[in-house]
Amino acid sequence: MTPFEKYLAAFLLFAFASGALAHTLPAVLPVTRYTTDGLLLVINGLLLYSLYRRHGDGRLWGWLAFAYCFTFAAEAVGVATGAIFGDYAYGPTMWWQWLGVPFVIALNWCALTLATNDLAERIIGPRPLAAAALASVLIALYDVAIEPVAIALDYWQWAGGEIPLRNYLMWAVVAFLISLPLQLLGIRYRSPVLLVYLLAQLFFFVVLNLAL
């Protein structure tokens, strides 16, 4: 890691660990929830900048534009129709929204997709189709940890209070569709910071699954 990446990794560990603690303290929970959008924007923004800083591959920005627009559109259609992930709606916790979808959600899709692709390549090597497929499975499994916390914190709610199996299947499908061009184009994005991000955020969700 470069010095910048080491500082960023330390920041990610601190941000997710302190965030997990803050979400368990009723006295600061309202402030913590109010700042969710801004904090996620800072975390994801710094993470994506670090990837470009490491590799200097301008194609990463093109992929990000595609992945952001694609996932935002999928979420917007999903919220409006219930036809993709199931019948759900975003709550007011993330309050910068358009068409019922928080702007930061698509950015989270991009960051998580990059992180799961990085992990997939660590497991099976640079095999584009297989890595994209494995990354899509990993991100769907990751959502298993996300869903209960997101519901408890009113990030979003499901009709009837039940998470449909289709949600996890479509997480995998959407992730595969945006992972494929990342892999096939050979865009340089990999970084140890992605693994730190993935594991630190997983720690956040596991702790809150136990605490909430």
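Using the three backbone atoms N, Cα and C, a Cβ is placed for every residue, glycine included.
TrEMBL annotations: computationally assigned, not manually curated.
Copied over from TrEMBL:
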- 1-22: signal peptide (SIGNAL)
- 32-52: transmembrane segment (TRANSMEM)
- 64-89: transmembrane segment (TRANSMEM)
- 95-117: transmembrane segment (TRANSMEM)
- 129-156: transmembrane segment (TRANSMEM)
- 168-187: transmembrane segment (TRANSMEM)
- 194-211: transmembrane segment (TRANSMEM)
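Counting Cβ pairs closer than 8 Å to the transmembrane segment (168-187), the top stretch among 32-52, 64-89, 129-156, 194-211 is 129-156. Using a Cβ-Cβ cut-off under 8 Å and counting only residues 6 or more beyond its ends in the same chain, the transmembrane segment (194-211) has close neighbours at 9, 12-13, 15-17, 19-20, 23-24, 43, 47, 51, 111-112, 114-116, 118-119, 122, 142, 145-146, 148-149, 152-153. Below 8 angstroms of C-beta separation, residues 48, 98-101, 103, 105-107, 109-110, 113, 156-160, 163-164, 166-167, 170-171, 174, 177-178, 181-182 of the same chain, each at least six residues beyond the ends of the transmembrane segment (64-89), sit close to that stretch.
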